[in-house]
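I have placed the structure first, in the form of structure tokens, so that the comments after it can refer back to it.
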Amino acid sequence: MSKLNMELPGLSMKNPIMPASGCFGFGQEYGKLYDLSKLGAIAIKATTVETRFGNPTPRVAETSSGMLNAIGLQNPGLEHVLGNELVWLENYDVPIIANVAGSKIEDYIEVAEKISKAQNVHALELNISCPNVKEGGIAFGTNPEVASELTKLVKEVSDVPVYVKLSPNVTDIVEMAVAVEKAGADGLSMINTLLGMRIDLKKRKPILANGFGGLSGPAVKPVAIRMVHQVSQAVSIPIIGMGGVSTAEDVVEFFLAGASAVAVGTANFVDPFVCPNIIDKLPSVLDELEVTHISELIGGSWK
Amino acid sequence: MIVANMEIISQRKIASDVYELVLKGAELVNYATQGQFLHLKVSEGTDPLLRRPISIAKIDKEKGELTVIYRAEGKGTSMLALKQAGEEVSVLGPLGNGFSLNGTKRGEVAVLIGGGIGVPPLYELSLQLVSAGVKVIHVLGFAGSDDVFYEEKFTKLGETYVATMDGTYGEAGTVIDVIDKKGLSFDTIYSCGPTPMLKAIEKSFPEKKGFLSLEERMGCGIGACFACVCHVKNDPTRNAYKKICTDGPVFAIGEVEL
């Protein structure tokens, strides 16, 4: 019997491990390396109405145990994603979480309405936390009223459950989480990246062409764990936890904090096989901890 | 493309802060071609976190060995420079589209223009061009005399000119200055080096066909993270792009914006 299967709104998963949006493209690069059907779900790269080139380069800078990125939501646009990327993903037996982004409310609504009708899109992830675009993104994710309004409007048009991806760049993440739950969110995913910057000593300028970017990787994991721990006690909707996950032990830690599934982001860049490796390793880690099913761990640090 | 541990056969310093590393023992050696790169993990822990893209300088399929040359300038490459023969390094590769040999016919002349740490991938390319019957001329630019490496090796394969910016070795000036001064004539250009040098090459020889190898800060190295994209030339939408890690690092002259 599986120790790993999980049922979340819209998502019937073989295991609770998925690559995080923005760290896996639309799966095609990783599909050359392993069978994507092995994954619990796939959160595809943020999709906007129009094609976006994104920010100038350099778009990444390394930090101690982490990295900064300022890609700027580069994607081929809604029509292309519907007609190509999602069609290609139908080759795999894996639920897709479509990450929805935009610079105006109307953009979010248009993408959400259309992409939620795709056959293999089983949930939406509302991206109100991208720190790297001048309009939209994080602007929707730092004010509870704006975030709830957007959540309501997207819920009205979506055919599938809506997870709201929260930004850690707020004073009170619990307030944000409670607000979007009240607005009808079916789940939360957290955390997006933390705003950061690195400066080139010789040029005396930020390394990233965008100036600042989002910090991810093992460096942010304690922040993510703390936030999941706080939020999971304040809401009754499930949380997809993320932030620096790179081992099966990290997955257990997120579950104990209160997550019901876990997304792996930056670690995919270090080891492209990290997701299947974690999935293979998890059962033995659970055995060592004398856990029969991973769901027993949810919120185990505060229950 | 695979992830594998390779054994360090040797590591030696060949110029100021420049190291030559010979790696052995992975199947990926059999697939590697000139101009491709390896993504190396310099430590087992999380600091530094990301892999380092380093171009392949020599491929020895018989021995199962790959040679890479890199400059130890940041934290990661400085840690790599401390590794010794017998130790292992995690390697992801071979990555990228390297130099195509189809651009130049037997008997034609190719000029290989390298700048600094852009010189290494031209070595395997030169070996391949020579064995394909192409006449090669090398023009190698460095900052100063302490930075020069592989001059003898290139000289064995064909005419070789070294230029230094400070004039402490070879010809003083840029690689373009040397080509002009020596009146070199050629059919094809192959180049790797700093972007200003590549731009100067594009501008100086607008009628020549050729290939340029680009460098950019990378994340994944396999095309998934969109860190290392560039614009395509003559694209009024400004939305078309190429990924340097997978569409490149080698592009035909005029294909992408430098």
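The backbone N, Cα and C atoms fix where each Cβ goes, glycine too.
Because the structure is a prediction, the values reported are computed rather than measured.
Here TrEMBL flags A:CYS130 as active site, nucleophile. Every protein chain shown contributes to the tally, and the Cβ of A:CYS130 (active site, nucleophile) ends up with 26 other Cβ atoms within 10 Å.
Positions annotated as FMN binding site by TrEMBL: A:SER21, A:LYS45, A:ALA46, A:ASN99, A:ASN127, A:LYS165, A:ILE191, A:GLY217, A:GLY243, A:GLY244, A:GLY265, A:THR266. Following the DSSP three-state reduction, the secondary structure of A:ALA46 (FMN binding site) is strand.
Taken from TrEMBL, the feature substrate binding site applies to A:LYS45, A:ASN69, A:ALA70, A:ILE71, A:GLY72, A:LEU73, A:ASN127, A:ASN192, A:THR193. Cβ neighbour count for A:ASN127 (FMN binding site): 30 (other Cβ atoms within 10 Å of its Cβ, all protein chains included).
Taken from TrEMBL, the feature domain 'Dihydroorotate dehydrogenase catalytic' applies to A:4-286.
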**Q.** Under 8 Å by Cβ from A:GLY243 (FMN binding site), same chain, sequence gap 6 or more
**A.** A:PRO168, A:MET190, A:ILE191, A:SER216, A:VAL220, A:LYS221, A:VAL223, A:ALA224, A:ILE225, A:GLY265
Q. Closest of the recorded positions to A:ALA70 (substrate binding site), Cα to Cα, picking from A:SER21, A:ASN127, A:CYS130?
A. A:CYS130
Q | Three-state secondary structure, A:ILE191 (FMN binding site) (per DSSP) | A | coil
Q: Quick one: among the binding-site residues A:GLY72, A:GLY265, which has the most Cβ atoms sitting within 10 Å of its own Cβ?
A: A:GLY265
